[in-house]
Amino acid sequence: MFGDIVETKQCQLKDPMDLFHSGQVVKICAPMVRYSKLAFRTLVRKYNCDLCYTPMIVAADFVRSEKARDSEFTTNKGDHPLIVQFAAKEAQVLCDAARIVCPFADGIDLNCGCPQRWAMAEGYGACLINKPELVRDMVRHVWNQIDNPRFSVSIKIRIHEDLKRTVDLCQKAEATGVSWITVHGRSVEERHQPVHYDAIKIIKQSMSIPVVANGDVKTLKDAENVHHLTGADGIMVARGLLANPAMFAGYEETPLKCIQDWVDIALEHGTPFTCFHHHLMYMMERVTSKQEKKVFNVLSSTSAVLDYLKDHYGV
C-alpha cells in the first residue's frame, strides 16, 4: 500500500474523501502551531504529502476579527486538499468560521485533542472528548449550514483512560456524519509515553468511516508499521515532518534538495525570519554536527543564514 505511493503524486486528488477511498494510505501533515502554515504546506506537498492541515485557529477570534483572519489563514490555488482546524465550543461560532473558509478549503476539523492548559481552561481542545453531545451538536450544525456536499467535517481526538468512552464518542460522531476521525493515541495526561496503537486499532474496528492514526511517526517505515498495527486509513505526522519534510517520499533524513526548496519557497512567501530559521534548525538537526549547530542556531538574519547554507552546503 505504501510502496506504490512513493512513486505517485496522490495530490492530484483534490477531494479529501477521494483520497480515503483511493485504496492507498493517506499521508497527512498535522496541524502544528506556528509551523504548518502555507509555506511549509507547499514544501511537504512537493514530497508526497497528500493532505495538509492549517495550525489550530480559535474560531471565535477568527469570526470576530478581520486581523485574525488575515494573520491566521493564508492559502493559494496549489494548497489543496486543505483542512482548516478550529478550536471551538459553540456550534454557531464553528459554523460561522466554516462558512468563511468554505470557498477556500476542502474541509474543517474540530480540535478535540489539544491538551494545553490554556485551551482546556477555555473549554477547547481535549476537554471536548468528555462532551460527546456538544461535539455532535457542533458537527450537525456545520452540516446543516454548509451546502457543499464535498466539504468535509472531521474531528481530531485524544483517547480516554477508559477506551469504551472513546469508542462511544467516535460512534456518536460517526452517527452525526463526521467524515473521518483522527486519533492521537495518548490520553490528555500523556506527553512522551508510548502511543497506544492498540487503542487506535480498536477504534478503527468499531467504525465504518475512515480513521487516521497520529503519534510518534518519524519515518516512512514507521508510517507503514503503524498502518499495519492499527489498520488506519491515514497516517498523520507532526514532528517527523518538521525534522524531515521529505519523509513521505521515503528519505531517511532531509535531502539538500529539500533544504533548497524550503529556502526558495520561504523567500517567495515572505516567511518571517524566526519561522524560516526554526524550520531549518529542525530540518538540519540530523545532518549537522554539534559544532555546526552552535553556529547555525544563533544566526540572526536571513542573509546570514543564506551565506551559511551557501558556504557549508552549496545551497
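Note: Cβ is positioned from N, Cα and C throughout, glycine not excepted.
Annotated features, as they stand in TrEMBL:
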type	residues	note
DOMAIN	29-292	domain 'DUS-like FMN-binding'
BINDING	P31, M32, V33, Q85, H184, A238, R239	FMN binding site
ACT_SITE	C114	active site, proton donor
Notebook entry, point to check: Hey, what's the Cβ neighbour count for H184 (FMN binding site) at 10 Å?
Noted result: 27
Check: Roughly how many Å separate the Cα of Q85 (FMN binding site) from that of the residue listed as 'active site, proton donor', to the nearest whole number?
Finding: 11
Check: What average pLDDT does the predicted model assign to the domain 'DUS-like FMN-binding' (29-292)?
Finding: 96
Next item on the list: Measure the Cβ-based neighbour count of A238 (FMN binding site), defined as the other Cβ atoms within 10 Å of its Cβ.
Entry: 20
Note to self: Can you tell me the CA-to-CA distance separating M32 (FMN binding site) and C114 (active site, proton donor), as a whole number of Å?
What the structure shows: 11
Check: Could you state the CA-to-CA distance between R239 (FMN binding site) and the residue listed as 'active site, proton donor' to the nearest Å?
Finding: 15
Notebook entry, point to check: For the FMN binding residues given in the record (P31, M32, V33, Q85, H184, A238, R239), what is the largest pairwise C-alpha separation in angstrom?
Noted result: 17
Check: In the structure shown, with every protein chain counted, which of the recorded positions M32, V33, C114 has the densest set of Cβ atoms within 10 angstroms of its Cβ?
Finding: C114
Next item on the list: Take the Cβ of Q85 (FMN binding site) and count every other Cβ within 10 Å, whichever protein chain it belongs to.
Entry: 25
Check: When a 10 Å sphere is centred on the Cβ of R239 (FMN binding site), how many other Cβ atoms does it contain?
Finding: 14
